[in-house]
Amino acid sequence: ISTEEESSKRKKSQKGPAKTKKLKTRKRESSKSVREKFEILSVESLCEGMRILGCVKEVNELELVVSLPNGLQGFVQVTEICDAHTERLKEQLAQEEPLKDLLHLPELFSPGMLVRCVVSSLGVTERGRSSVQLSLNPRSVNRVLSAEVLKPGMLLTGTVSSLEDHGYLVDIGVDGTRAFLPLPKAQESAHPRNKGAKLKVGQYLHCVIEEVRGGGGVVTLSVRPSELSAAIATEEQSWTLHNLLPGLVVRAQVQKVTPFGLTLSFLTFFTGVVDFMHLDPKKAGMYFSQQAVRACLLCVHPRTRAVRLSLRPIFLQPGRPLPQLSHQHLGAVMDDVPVQGFFNRAGATFQLKDGTLAYARLSHLSDSKSVFNPESFRPGNTHKCRVIDYSQMDGLALLSLRTSVIEAQFLRYHDIKPGAVVKGTVLTVKPFGMLVKVGEHMRGLVPTLHLADVLMKNPEKKYPVGAEVQCRVLLCDPEVKKLMMTLKKTLVESRLPAVTCYADARPGLQTHGFIAKVADYGCIVKFYSDVRGLVPRQELGAQCIPHPERVFYAGQVVKVAVLSCEPAKERMLLSFKLMSPPEAPLELAGHSRKKRRAMSVGRLVDVKVLEKTTEGLEVAILPHNVPGFLPTPHLSDHVANGPLLHHWLQAGDTLHRVLCLGQSEGRALLCRKPALVSAVAGGQDPGAFSEIRPGMLLLGFVRSIRDYGVFVQFPSGLSGLAPKAIVSDKFVTSPSDHFVEGQTVVAKVTSVDAERQRVLLSLRLSDCALGPAAPTSLLLLSQCLDERQGVRSLMGARDSVLVQTLAQMTPGMVLELVVQEVLEDGSVVFSGGPVPDLVLRASRYHRAGRELESGQKRKVVVLNVDMLKLEVHVSLHQDMVKRKARKLKKGSEHRATVQHLEESFAIASLVETGHLVAFSLASHLNDTFRFDSEKLQVGQGVSLSLKTTDPGVTGLLLAVEGPVAKRTMSQAQKDSETVDEEEDVDPALAVGTTKKHALSIGDVVTGTVKSVKPTHVVVTLAGGAVGCIHASHILDDVPEGATPTATLKVGRTVTACVIGGRDVKTSKFLPVSHPGFVRTVLELSVRSSELQAGCTALDTHCASPVEKAREYQAGQTVTCFLRKYNVVKKWLEVELGPDVRGRIPLLLTSLSFKVLKHPDKKFRAGQALRATVVSPDSGKAFLCLSLIGPHRLEEGEVAMGRVAKVTPNEGLTVAFPFGRTGRVSVFHVSDSYSEAPLQGFVPQKVVRCCVLSAADEELILSLRPSRTNPETKSKVEDPEVNSVEDVRAGQLLRGYVQSVQPHGVLLGLGPAVVGVARFRHVSQRSLSRRALYSKYLPEGKLLSARVLRLDPRKKLVELSFLPSDTGRPDVLPASLGLEDEKAEAEERPQPGEEAQRQHRERSGEDPEGLAGAALPDEEEQPRRPRTGEPRKRAHQEQGGQGAVSKRLKRAGPWEDDRGTDVYYREGEDTGGVAGPQETPSRPVAVPCLQLSSGFAWDAGLDSLAPALPPGGESSDSEEDTEPPQATQKKSRKERALERQQAEKELSRVEAALMDPARQPESADDFDRLVLSSPDSSILWLQYMAFHLQATEIEKARAVAERALKTISFREEQEKLNVWVALLNLENMFGSPGSLARVFERAVQHSQPLKVFLQLAAIYSKSEKFQEAGELYNRMLKRFRQEKTVWIQYGAFLLRRSQADASHRVLQRALACLPSKEHVDVIAKFAQLEFQLGDAERAKAMFESTLNTYPKRTDVWSVYIDMAIKHGSQKDVRDLFERVIHLSLAPKRMKFFFKRYLDYVKQHGTERDVQAVKAKALEYVEARSAMLED
C-alpha cells in the first residue's frame, strides 16, 4: 500500500471508524477467498477419475512410486501399465515360466520420467494412511478422447502394443482408432535408452499425431524430440475442459497476480491457477497482468473443472525426463526454521537458511490432530523440523515436524548400517519370517532361522502384532530396500566387535557369528553384510569330530576366532578351538501350563441370575458357577432400557452371550451390551495397548466422568480419556450433562502415548460417525424396541393378571373407557379397562380440548405402556382413533405430529392416515444431549420417512426423521408466541431472596463470583445477599466477538457498585424507594469508569419494558450479547442490558449461506455483537435487530429471504422477516436460462435476492448472481430484458414459450416483454394443423429467437425461430416426418415483395429515413427487380473506412407489407449487410473478418459516403440489374455539402493513418510500416510476432525470409537480428533439420562467431543443454583463438553446476590462447566464479593473478567490484588498504583513493571518512617529499 493510500485511510478511519472496520473485514474476506482459490493440492482434493501429471520417483518390481504436484505421491500397480503388458503377465502366470520378451518395470521406466496418470482409487491403508492408486493405462487416461476429436499436432501418451513389419502399433486408448508409429521415426525416440533400439511391448511413449485418416480411424505418430518439445495445444485442436489432458503445453496470459499464485487464461475460453510452487523460480516476483507465458497443465478436476498449471521451465518441453536431483540436507534436523505460509487443508511452507523453499504436509505438522494448533504456523513463527524427502514435481524439500520423525534413529535405508542394533514393532508373522517396522516407511525381515537362538514352533505367541522388539541388522541394501535382521539374543546382546566387511576380520579377532551350513569339511559361519568364513574340520574342536552334522546345526550362534583373512579374495579361515566345547542345542524347558481360570477377559459366557441389588444383578457363570456381577447400566446399550430390564429380571433367569470385562472384588465383572458383545465377537476390540493406533474407532462404555473429561473403558480392559474439549461438537458446560456412567459410546483414538500408556479419545459425533445417520438411527430404534419386546415377554411370564394385560397392550389399540377424573393440570384419568386396577391417563394435550365429565364414555387410542409405573398413556384425538385405511409405501415421506416422548424414541401420528409411527431421537450412540431449543415437544410437527409398512408385534411403524428444518411448532407453541416470554430465572438468583439488605444505589460492595452464565454473573455479597452483573456492565469498551462474562471466574472476588434492584418473581426493576427493594436481587456493575466516577442508576421508573424498547430509534447501532439461538423459531435471542432484550431473525444475521446453514458455529452464547435496530417489536419488550445493517428493502438492496411458494412457469414468492414478500420472475432466477429454471427451489429454502422495485406492496426481486453478487463478475449469458427498449433489431435472445395463438407463438423475453413469431418464422417444416404447435412447443419451453422487427410505440417485437436466423436446430424435430416449407413456396409472395418487407424490418426506418441514406447522384425510385438476376453482397468497412461503390437497394413499395415473408436474415455480429437470399431455408453466409481500423489505397472523394447516424446500420445492397431509372437530382448546394463531408472524412482517415502512436493491428498495417522502414529489424520482428500469436508459423517464416531479402546488405546487425529471430522460431516450432538448415545459411551470410554464440544462447534458454554443449565443442575447435568462446563456455558450465568441467576449460583456454590474453581470461573466469560458483576460488584466482601482475589496475578494480557485490566489508577494506599502499602512478592512486572515500561514505562512519582522508593526505605529502628529494 502506498504512503498516500495509508494517509488517506488514516484520515478516513478518524472520520468513520465503522467504514474502516467494514473495509478491513471485506479485505480479509477477499484475501481469504483468494487464498482458498490457490489452496495447494491435498489428498482430500483428489477424486477418482482425476487426470494428473506425475513423475516416476521409484521403480520396483511390482509397482511404481509416482511423485505428484504439491508434495503428494501415488502408486501404480504393474497391472495398470497397459492392456498388452497385462496380457503378457497373465501368459507368464499361466505358463509358470518367465517370458523372454516380457520386460519388467525397471526396464520400462526410470526415475524422472513424466507420466500422465488417472486416479483409480483413494483409500486408507491398514495403518490409517491415505493411499492414492494411479493408472497409466491409456484406456483410462485417454478415455475422454474420441476418434472424431483427434487432430494433427496433438500430444498424447501411449504404450507399445505390438511390433509390425514397418513399425509399431501403439495403444493410445481411443476406441475405434489404430495408432501407428513408423519404424524410422521410432529410432528417434526421446528416451535415451530407446535411441536406435527396438521398442518392447509395454514401452511408455510421448507421441505427437502427425496425420489423421479416416475420420480418426487411423493416426500416424511421431516420437521425435524436436516435435515433442514444439507440441503446443491450440484452439484448432478443439480441446475442452472435459478432455484436457495433463502435460499439455499451452500459451497463456496472466490474468491476475496474487501473493499465492497466478490466474491464467488459455485456449481463449479457459482459466486456471498456478500456485506458488510452480512459478518459474527465475521470474518469481516479476509477473504482471496480461503477460504472455507458456504453461503446462498439471491436472483438471473432473467435477469442479478447476485447472492447475505450472510455469516451471522443466515442464515446458514434453517428453523430457526431470533431472534426478535430491536435497543436499536430506535427513538433516534444522532448528528455528521460519514459516512462510500456511494452507488449511494441505500444509505449510518454510524458508530454509539457504533461501530455498521447503514444504511440510498437514499430516507432518504435528504428532496428532488433537495437539495441532494452526495459530502456531503464522508467517514468521519458527519450528524445529527434519528434511525427509525431495519432491521432483515441485523442486522442493519435504519436511516433517513430527517428534517421532525428528527423533527417529533412521530416516532412510541408507542410514541403517549392518551390525547396528535397532528397535522395531512387529507387523506380522509369516511362515518365512517376521516383518518388523523400524521407521517411517521402513520395514525389515527377520527370517524364521533368526527369530531366536533356537528354532521356534509358534513364534506368533512370543511376538504378537504390535510388540516392540530389539533386532540387529544382518544385511541392508538401500537400492532394493532390502533389510535383514536377527532376533538371536546372543547376537543382539553381543559386545564383541561386529564383522561387517572382510577388512574388519583381523587375525586373532574373536567375534560372534551363526552357522549357515554344516558339511563334512567343516562349517560355514556367516557374519554381517553377507561376510562368511570357513571353519575347517580340524578347527571344530579340541578333539576330532567325525560327524559335524550331529554336533552343529544351521542357525546356531557360535563364537569364533579369525585365523587368517584375504579381503581381496574374500576368503576367511576361522576356528572354534579358542572357545569352550560347543554347547549342545538348547532345548525348550517344558513348563507345565497353569490351570486356566474359569473366566478370562473378553470371553462370552452364559449366566444365571442369583439375586437383584440396587446396583445390578448378582449372577453365576455357567457351567462352573463362578460368581459374577452384572451392573444395571451394562444390561443394554440404551440408557433407559437398563432399569427396565433390571426391574423385570428375576432370580433364576438365564442370560446368554454375556461378556466378561475383568474381575472386581473377587468376582467377575460382566456386561450384556449388544454393541460390545458384537465388537468382541468380530475381533474389533484391541487386545493390547500396542494395537491401538490414532484414527481407530472403538466401542466402549463410560467408566467415570470428571470435570475435565470422560474416561472410556474398552472390553479388553484398556481405557482412555476424552478431554472436555472433544467430548461433544456442542458447547460442554459439564461432561455429566452429555453422558452417564455405563453408557455405550463410540470413541475415536486421537493420540497414543506409548511411554505413559495413555490414550486420548474423541467422542464428538463429527469424529465418530459410523456411516449415514438414517441407517444408524433406524438400527438403534430397532434394537431398543426389540429389547422392550423382550421385557414384554418377561412380563407375560408373571402370575399377575395386570402385568400380563399390560404385556399384551400395544400402541394403536382402541379402547372404550369411562372418564374417572379430570385433574387440575387438565389431564384425564380413565377407568373401565380390561382389568380393574389398570391406570389409563391422557395428558392435557391428548384431551383434544374436549369438555369431559366423570362417567362419560369415550373411545381412546393407546400411545404407550409405561412398564415401570404400570400406566397406559392414551389419547382422545379422533384422527388416531379413526385411522384411515390407506396403503403406505416404504421410503415415502409424510408429515407427522409428535404424540408421546420417551427417553430414546418418540411416537408420532401420520397427519394423512393417523397411523402411529416410532422414530429414534438419536442418530448415534453418542447423540444423547440436546439443548432445550433442540428438544421435541408433544404436538410438534415433523417430517418422517417410513422404513416399514407393517406394525408387527410392537404396533408401531418404524421411521426416520427428516431434516430438523422441516419441524413445525405445535399450536401451544404458536399461542405462546403472542405472549411475552418469561425470563429464565437463574437458580442461583433464588438464593438469598429472603435476605434483607441495607444497600442503596451507588454503594460500592465486594462479593465472590458464585456462577458465570453467558450473559450475566451471579455474585454472593456479604450478609447472604445476591447480586447480578450483566455482561453490559463488565467492560467499558466491549470488542465485537468478545465474551465479557468469561473474564470473571468462579470464586473470584470482585468490587462492584449497585445500580438497581430486581424482584425475583416478576423480574422487574424496583426503585430504591420501593418497600420491596430491600429484598431484591441487586444489579451490579464492575465497569472501571463507573467505579471511579460514580455509577449511573438504571432507569427503573419506566412504565414497562415495551416503552423501554421504544426508546431506541431505527438505524441505531447497539452492542448486544447473545443469550441463545432458538432453533425452532430461527432467531438469535440477545440482551442489550439487564432490562432490554432483542431478537435477530436468522435471515438478518449474515449474507453468507454458510453462516445461515450453521449459525451455531458462527455465534456462541455470551458473544458481543454489533447490531442495527430495525424497529421495536410492537406490543413486546423486544427490539428487532439486524447484523447486516438496516433492513430497508429498497431498490438495489441485497437481502436474504426464504422461498414461500413456487409457481411453475412463473417464478417464486419469497418471504422476508416482518411479513414483507416479493416476487421473482423466471427470467430473474439465473443469469443463464435453463429448461427447468425452478428446479431445486423448494419452500423454506434460503435465497439471496436483489430488490429491483419496491414501489408496490409486493417487491420485485432478482436472484441473478450479476445483481446479488456483482463483484464476482459472473458471465451473463442471457441479459435482462425489462422493457422493449432493451431489445435491438437483429439481436439473438432466449426466452420461454408462453402460449400458441392463432397468429403465432408468443415467447416471453422478460417479465414484461413478449415477442411473437409468426408460424412461417417458427420452423422450416409445416404442420397440417396449427393446434399441433401447442404439443411440440409447450408452455415454458426454452427457445432461441432472432429479433426481426421492433415497434417501440406499439411494444411489438417480431421474432424468428428459423435455424438460418438462430444457428440452432429446428424447433420441430426431423423425426416427425414433416414436409419442408419449400413445398409451400407457391403460396408465398414474390421474392421482390419479401425483399421490400425485409428491408423495412431490418432498417426500422420509414421512406423518409431511407432517403437520408441515399448516395449522391442517385434517385430513389422504387421498382421490382427481375427474377433470376445475379445477386451480390455489399461489403462495408468499419472504423472510419469509407464504403466503396455503394449502391441503393432496389425495393418495392413500402405502403403495404401484409402477407409478406422475410427471406433475409442478419448475422448477430456482422458488420456488413447481406442481400436477399434465393430460398428461405438457405443459411446465412459466414461474415468476413472485421478490422477495427484500416485504410484504402484507391479511396476517392466521390466514393466516400457520409457517416451513418449513431447506432444505425446501412441497409444498402448491390444488385447488378438493368440501368437505374430516372432519379431526382439533388441541388448544387446539397452536392457541395456532401462533397465537403467526404473531404473531411478522407482527412480524418489520413490523419489516423499518419498517427505515429497508432499500433498496427493487421497484416496490411505491418506491410505499410515495413514499406516505410524496410531496414528496421524491430518492425520485421514485430511482424513475425504478430503471426506467431495467431499460431501462423509458416507466415512468420515467410516474413523472416522477406526481411532477409529486403534489408540492405550494409545493415549487418539488422540482418543478424532477423537471423536470430528465425533461429528462435525454428528452435521452438521447427524440427532439428530445419534449424540446422537455417543455422548453416546464417553462418554463410553473417559473422559466423556471432551466429554460433547466438544459437548457443538459444539452446541454453530453451534448456537444450546437450545440444548447447555439442555446439560449444564445435566452437572450441573452430574459434579456439577467440577468448569470448572460452569464457562463454565456462559460464555455461558454471550455470549447469559443473565447476570441475569449468576449471578444465580454463586450463585448456590458457593452453590455446596467446599469453597476452591470459590475464583477461583469468579475470573473467574469476568474475564468473564470484557470480555462479565458489567465491573462495574466485578470490584465489584474483590473488594469484595480482601476485604475478601487481600493477594491473584493471584487475584490481574488477576485484574490488566483485568484493563489494559478493564479499564482506572487511574484505573490501582490506583490498583498499592494499591497493593504496601500492607504488602506482599518481593518477591511478587518485582513482583508488576516490573510490575508497566514496565507499566509506556509503558504508562507514564519519571517523572512517576522516581516516581515509588522512591517508590520502599522507600519500600526497610523501609524494611531494619524494619529488623534492
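Including glycine, each Cβ sits where the backbone N, Cα and C put it.
Taken from TrEMBL, the feature region 'Disordered' applies to 1-30, 1380-1486, 1502-1545. Annotated compositional bias 'Basic residues' per TrEMBL: 9-27, in sequence order. Annotation source TrEMBL lists domain 'S1 motif' at 49-137, 153-224, 247-312, 331-402, 419-488, 508-577, 602-673, 695-764, 1002-1087, 1115-1188, 1196-1264, 1290-1362. What TrEMBL records for 1385-1405, 1421-1431, 1452-1468, 1534-1545 is compositional bias 'Basic and acidic residues'.
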### Stretch-level contact, the domain 'S1 motif' (331-402) and the domain 'S1 motif' (1002-1087), CB cutoff 8 A, at least 3 pairs
no
### Task
Take every residue in the domain 'S1 motif' (1115-1188), average their pLDDT values, and give the whole-number result.
84
### Message
Assess whether the domain 'S1 motif' (49-137) lies in contact with the domain 'S1 motif' (1290-1362), where contact requires at least three Cβ pairs under 8 Å among residues 6 or more apart in sequence.
### Response
no
#### Entry: DSSP-derived helix, strand and coil totals, residue by residue, for the domain 'S1 motif' (153-224)
7 helix, 34 strand, 31 coil
### Task
Kindly report the helix/strand/coil residue split of the domain 'S1 motif' (1196-1264) according to DSSP, in that order.
6 helix, 32 strand, 31 coil
### Query
Where DSSP helix means H, G or I and strand means E or B, what are the helix, strand and coil counts for the domain 'S1 motif' (695-764)?
6 helix, 35 strand, 29 coil
### Message
For the domain 'S1 motif' (331-402), how many residues does DSSP put in helix, in strand and in coil?
### Response
10 helix, 36 strand, 26 coil
